[in-house]
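*Asks:* This is the structure I have questions about; it appears just below.
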Amino acid sequence: MAARNWIFAVAVFLSLSTFSSAQDLQIVNAERRIDLSSHIVKAFLTLKVENIGKDPAADMLLAFPPTQIKNLAMVQALAVMGKKKKKNYLPLDVKPSEQPDAPNDAGYFLVSFATPLGPGETVTLEVLYILTHSLEPFPVEITQSESQLVYYRDSAVVLSPYRIKQQTTFFKTPSTRVESFTSVEPANRAGKEIKYGAYEDRAPYSYAPVIVHFENNSPFAVVEELVREIEISHWGSLQITENYRLTHGGARHKGVFSRVEYQSRRSISGSSSFNALLAVLPPRVNSVYYRDNIGNISTSHLRTGFKKSELEFEPRYPLFGGWKATFIIGYRVPLEDYLFEAPDGRRYLNFTFGCPLVETIVNKLTLKVVLPEGSKDPSAVLPFAVNQDLQVKYSYLDIVGRTVVVLQKDNVVPTHSVPFQVYYTFKPIYMLAEPLMLVSAFFFVFVTSLAYVHIDLNIVKK
Amino acid sequence: MATNGSPKPEPMAAKKASPDLLNSSFSFKSLKLKTKQQELLLRVSILGLVYVLAFIARLFSVLRYESMIHEFDPYFNYRTTLFLTEKGFYEFWNWFDSESWYPLGRIIGGTLYPGLMVTAALIYWTLRFLRFFVHIREVCVLTAPFFASNTTLVAYFFGKEIWDTGAGLVAAALIAICPGYISRSVAGSYDNEAVAIFALLLTFYLFVKAVKTGSLSWALGSAFGYFYMVSAWGGYVFIINLVPLYVLVLLVTGRYSMRLYVAYNCMYILGMLLAMQIRFVGFQHVQSGEHMAAMGVFLLMQVFYFLDWVKHKLNDTKLFQTFLRITVTSAILVGGIALGVGTASGYISPWTGRFYSLLDPTYAKDHIPIIASVSEHQPTAWSSFMFDYHILLFLFPAGLYFCFKRLSDATIFIVMYGLTSLYFAGVMVRLILVATPAVCLISAIAVSATVKNLTSLLRTKQKVPQTGSTKGVGSSKSSSKVTLDQSQPFHKNGAIALLVGVFYLLSRYAIHCTWVTSEAYSSPSIVLAARGAHGNRIIFDDYREAYYWLRQNTPTDAKVMSWWDYGYQITAMGNRTVIVDNNTWNNTHIATVGRAMSSYEDEAYDIMRSLDVNYVLVVFGGVTGYSSDDINKFLWMVRIGGGVYPVIKEPDYLVNGEFRVDKGASPKMLNCLMYKLCYYRFGELVTEYGKPTGYDRARGVEIGNKDIKLEHLEEAYTTSNWIVRIYRVKPPTNRL
């Protein structure tokens, strides 16, 4: 990996002469803080962009190396307006972009400024991007008593299609234990922080690969697949069922699992394992259950509150590296909190996207909204791109089946837990269909038994 | 229910002009015309309530724990039902299961009684067809209570058939909550017995009905009932032996009739043909020793009929006597020769070990340790009779008395059913279940007859001095009564006291049943519950923890070796291949596992390598004080292993005939695989305050070998309370 990165860097430098920035922008100052304390890597990038060209610039590009682009869960950009005291942030539109002459498969995101940047003007941007699966355990397999060490690979300088006048990069590690880090002068380490820079005046597409090897025992809780099903019942509740396939995504467990060690020397034994999880559920949640294929799991605890409810739970066994657990969480919330009527008469569900578990990565999230039977014209509104599909599901006493809006997204992180809406039309008369069916069935039973009692089926009269 | 009860009133009321039911006394005071309807309404509603009661009394386990499958065998049944609903009937019928009995496998379709699974699957499919999208697990969990409810209906009709409607209602109520039946039919106890008792009672009822009416349709019904029973449970052998025995008794007591001839022949022939369709039974039904009695009686019936015919034709007693002698001698001779030749040539297979052990309770102990090792095959203790029957134990003889007082074909049957099944119940704990319906029915006769006598006595005493107008009613009652009551000058107060006594007993019975159900019979035995120091409920869910760990964190083709008790659970919950399981069809295979468990580690390693074992699972209660663990079962492993491999000798594991695990234990015991796996690193643990390390709480001793080293195995997982310990078998080291 490291060797490839070097080659990549060389190639970048070679391609410098042929590739020049399309727009005449330059970055006056870049400061990057990369938080490596959990397995979700959060990078905060502060850019001061200046337009040195003659024409106003409407947007700018953010570049990412190909190793990061596939693990990039989210990119957000904010424009900082005003001075120190009256600072306020304006969210900017960020979308992935293809550049035909991108060197070495670098990926791009296009940030559109709120107002085009005039010549000579500067703007300060705050960019947050989140990387998943970017900490590579090394050694790959550890025993129960070892703690987990990981590699993080990045560049000491910010990859950018623009010239950067001055830049610094900070890596924040979870503990002071850092095995090694690549030195790109000036670079130094103080406590939990490694500082690269400041580097002056780097050309576009500069790249200086670095590897940080450090201890990270935070729970590497990776949900390989999460299927959330939200079933709307117009009789007053929303039933949510969540199917998890959880795994420990860190260094694989090797050799024995000793219960004596685990229960008596908890601090040093199995430090990279985890057995407690926390799910943030909506307030006023009720009928919560936690089970798996073979039955109920009794180790859970629910705290309800006004703003949110918290479900603390443990899988059946502690999860060591590579161990898996599947489970189901289900709960019910009152309908009036989440279902509203739009001005145009349609109804819409306003619910939270993403995974309720804190600090987890979801590799594949499928969210199914089961609309009541008889609903029509469903449409989903989300702040980011997802795959959408429609299905039909049969539930209790259904005849034509219920429309299911399926939303599917890969690589979901906690920042994706934002509200989304599903609009649909529904005639309240359909609500009566099922009770009527039951009533008529009972009626039929009684009528037949009445008839049976009163009809004499004997051939010979007694 | 309404449809079941409703067609009955006309013939019933017509037959008994003065049924002098307890209920009818109320109706006299109100509208006279509607007596019949009122009685019907009362009866149907009582029956309805009993039906519901039988169902909800069995839901304790769901409320206390959860909707889950219990114990051992039900997990296999659940797994096969799941397979049936997913893959369909033909796949199920042809299922070769490679996940058990590795490397032999098991032909599931040909070695099980499919009745239970097919029943559950049919209920499931019906519910789905009616748009009730339930999970198959819920169907399986509630199958037993549902069939228990149905059994109460059958008990009602049966009671009505042998005595009267009052007895039927009492029988339904008694059987609804009888602990002997509840023990095997709580929600989650998804076992063959759950539907089999229903089928058993239904078959008997239909057969009695057929004998009573001589109608082909009832006999046909009983043949189908028998078919259902055969498809559901191996206990059908009881029917196919009891019915011929009953017929024989009727023949001997001179109660032979055309009705009996029609009923038995139709039931036997059709029942046999139908039973042979079940692959697990097949030709056994005409070839094995257990079924010979039925065939013999069938032939005897023909001889009887033939003799009857000859007697009719000859019209000469003397000639007939000679003919009778010749025929009977030759018939017995031919039958005896046929049986002898059949047995000698191996065409008729001898009785199986289980059947032997029923007739001779000591047989299994001496010859088949695998049968004797099962706790439910032990002879019944007196206390468990009391526990399971309570007042029925005293009412049963009283009921027998009433039955003998009013002897009929039906009462003879119930008496025979009661006595034979009670004998079997004494031989084997689990057969209390079979005796329960009979005990309930006979007790119901006692209760019903007593209460009826007492109340009528009470009423006549009340009414005679009051007015003369009701004299007609009173006299009709007393005339229908057994003469015994009139002769004894019961005082009104005495009758009241006795009635109060009866109701007190019955209410004690209800309380006892509820208590037993909630305390003793509603535990799933997968999840263990205990009371903590502060009275809080502690749940030990270690079994599922271990099985789920196996399911998620081991290779899908891993083979797990454990004692056979846990085989079904491992395949169903852990979804992994096992070496042996609860279907103990191959004694040698089980003995091999027993031998591995009782050998030294290196010897055991060779055995495990030869069986491709990847994981070994042991159950250990030393930390929690859970007593039914593998150490306590260990002697059975030694016995079963030693039964096939003489190298394993039981005395090697005992010290002066005593089984110990502490310092005084035998060296072989302290170093055998089972000991090592159970106590590995246990010596470092303090289990109880004030006790030394390595204190085994299940046996109350400090263990004898605290420094256990494992060479070929390593600890793979131990559950949070140490109840299940799983070890990984290491691959062989490379030879240098």
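Note: Cβ is positioned from N, Cα and C throughout, glycine not excepted.
Note that this is a predicted model, so its numbers are computed, not measured.
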*Asks:* Which range is it, out of B:410-426, B:427-443, B:495-511, that shows up in TrEMBL as transmembrane segment?
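*Replies:* The range carrying the transmembrane segment annotation in TrEMBL is B:410-426.
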*Asks:* Any residues 6+ beyond the ends of the transmembrane segment (B:194-211) with a Cβ under 8 Å from its own?
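*Replies:* Contacts with the transmembrane segment (B:194-211): 115-116, 119, 143-144, 147-148, 150-151, 154-155, 157-158, 161-162, 181, 184-185, 218-219, 221-222, 225-226, 228-229, 232-233, 235-236, 238-239, 243, 250, 259-260, 262-264, 266-267, 409-410, 413-414, 417, 433-434, 436-437.
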*Asks:* Which listed stretch (B:107-127, B:139-159, B:165-182) has the most C-beta pairs under 8 A with the transmembrane segment (B:261-280)?
*Replies:* B:107-127
*Asks:* Count, for each of B:165-182, B:292-310, B:322-348, B:410-426, the Cβ pairs lying under 8 Å from the transmembrane segment (B:139-159), and report the range with the highest count.
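*Replies:* By Cβ pairs under 8 Å, B:165-182 leads among B:165-182, B:292-310, B:322-348, B:410-426.
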*Asks:* Over the domain 'Oligosaccharyl transferase STT3 N-terminal' (B:46-442), work out the mean pLDDT and round it to an integer.
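*Replies:* The average pLDDT of the model in the domain 'Oligosaccharyl transferase STT3 N-terminal' (B:46-442) works out to 90.
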*Asks:* Excluding the flanking five residues on each side, which residues at least 6 beyond the ends of the transmembrane segment (B:322-348) place their CB within less than 8 Å of a CB in that stretch?
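*Replies:* For the transmembrane segment (B:322-348), the far contacts come to 287-289, 292, 296, 299-300, 303, 306-307, 310, 314.
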*Asks:* Could you tell me what the rest of the chain brings near the transmembrane segment (B:410-426), counting residues at least six beyond its ends with Cβ under 8 Å?
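*Replies:* Result: 158, 161-163, 204, 207-208, 211-212, 238, 242, 245-246, 249-250, 253, 255, 358, 379-380, 385, 396, 399-400, 403-404, 432, 434-435, 438-439, 441-442, 445.
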